[in-house]
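Colleague: Before I ask anything, here is the structure I am working with.
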């Protein structure tokens with residue numbers, strides 16, 4: 001009560017004319033202030049000047065802090081995209097979208113700022129912003145920038161920024177998928193095969209190596225680059241909060257440059273796919289058709305109104321199919337034919353396992369997804385339910401593949417797949433099931449190598465198996 005009365009009296013004192021202020025100061029120094037000079041007719045009290053000065057300092061600091069916060073939140077500057085502190089309110093949250101009337105080619109940093117949360121609506125959960133990017137201190141910041149991952153160094157080189165936007169680290173599964181498809185075709189030739197003396201035609205091997213390289217460029221830099229760029233484009237408002245260091249929200253690249261990159265990667269990829277069909281002598285342009293289909297899936301995964309990523313089942317399966325089935329079919333079509341149901345069914349089964357792997361990435365963002373209205377599987381089923389869906393889809397689909405290989409007489413390959421499943425089950429039991437949120441990265445790093453080598457083993461089995469007249 002003494003501090004409140006002091007603050008009120010001090011405020012009135014500093015709002016009085018100078019002569020009255022001096023009189024009140026003398027009264028304060030003498031030790032008494034009449035009750036008539038205070039608010040609310042409070043009884044007289046004694047207060048030292050030191051406490052008054054301390055309260056004035058606190059009040060001034062609070063006012064300056066509030067003014068600075070308001071200015072930063074609404075000022076038109078590049079810093080307006082830096083993530084704000086978490087808001088803790090009591091009902092649903094919504095992001096206030098960036099003004100859709102920004103002119104093409106205008107950098108985000110040059111545009112009018114926006115406040116990222118609609119304060120007219122409240123929220124049940126607080127969204128914690130990750131804040132600006134911190135460069136890795138292990139000397140890998142330059143490599144991280146090129147790979148498009150957190151901890152990257154800053155650069156003004158537009159070509160490095162364009163590369164970062166395509167997230168090269170995500171190309172690897174697609175390149176692996178093309179390799180698996182080539183192996184499944186049974187028609188890929190080495191320049192010098194150490195295991196087969198009949199497969200040592202240097203020119204034929206060089207031609208197939210060139211085809212494989214072009215197919216990998218199609219699947220990785222072009223179509224995966226297109227997917228990542230368009231995903232960042234439609235996620236720019238959320239990235240402005242969660243990952244403000246990304247090229248688009250940071251203003252490192254303009255809207256016009258992003259849109260141009262999307263079209264170049266898409267049209268370039270479709271052109272390469274048609275060229276591969278011509279090179280492979282296809283009557284029907286199967287690689288082109290797969291590329292069109294995959295690009296369409298990429299678009300509806302990220303873009304409204306469908307935005308598959310908002311739905312856990314559809315979004316995760318689309319992700320699994322894009323990373324496993326489509327590159328497999330592309331590689332197999334370049335070197336062989338997709339003329340048996342098994343060539344379609346097994347990649348689809350592995351894509352169901354890919355759905356389970358995609359769930360792992362959703363555990364860490366379950367609170368944010370719930371607040372944003374994204375119906376990921378951990379949101380829909382809870383973390384405990386989703387972790388069992390994840391483990392079941394990964395394990396059961398691989399067991400089904402192993403059983404199929406054994407049923408066509410490839411018992412050695414079937415046993416090999418089982419051997420690769422066992423460590424995955426162990427990591428599920430020791431990492432995924434106990435705590436999927438804390439162990440997500442560790443589980444992925446330790447379990448996935450066995451999964452991807454299982455895909456390659458399956459593809460090699462199909463490539464070497466003599467189906468005869470069987471489907």
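Each Cβ is built from the backbone N, Cα and C atoms, and glycine gets one as well.
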Colleague: Scan 209-226, 227-244, 371-388 against TrEMBL and say which stretch is down as transmembrane segment.
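Modeller: Here TrEMBL associates transmembrane segment with the stretch 209-226.
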Colleague: If I go by TrEMBL, the feature transmembrane segment sits on one of 144-162, 258-276, 391-409. Which?
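Modeller: Feature transmembrane segment in TrEMBL: residues 258-276.
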Colleague: Quick one: which of 106-126, 169-189, 421-441 does TrEMBL have down as transmembrane segment?
Modeller: 169-189
Colleague: Quickly jot the same-chain residues contacting the transmembrane segment (169-189) by Cβ under 8 Å, restricted to those at least six beyond its ends, or write none.
Modeller: 147-149, 199, 201, 204-205, 207-208, 212, 215-216, 219-221, 223-225, 228, 323-337, 343, 452, 455-456, 458-460, 462-464
Colleague: As a test: from 209-226, 258-276, 282-301, 341-360, pick the stretch that has the greatest number of Cβ pairs under 8 Å with the transmembrane segment (313-335).
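Modeller: By the under-8 Å Cβ criterion, the transmembrane segment (313-335) pairs most with 341-360.
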Colleague: With Cβ-Cβ distances below 8 Å as the criterion, list the same-chain residues six or more beyond the ends of the transmembrane segment (209-226) that contact it, or say none.
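Modeller: Answer is 165-168, 170-172, 174-175, 177-179, 182, 188, 191, 262, 265-266, 268-269, 272-273, 275-276, 279-280, 287, 291, 294-295, 298, 326-327, 330-331, 334-335.
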Colleague: Take the transmembrane segment (258-276) and find every residue of the same chain, 6 or more past its ends, with a Cβ under 8 Å from one of its Cβ atoms.
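Modeller: For the transmembrane segment (258-276), the list is 104, 162, 165-166, 211, 214-215, 217-218, 221-223, 225-226, 229-230, 232-233, 247-248, 285, 287-288, 290-292, 295, 330, 334.
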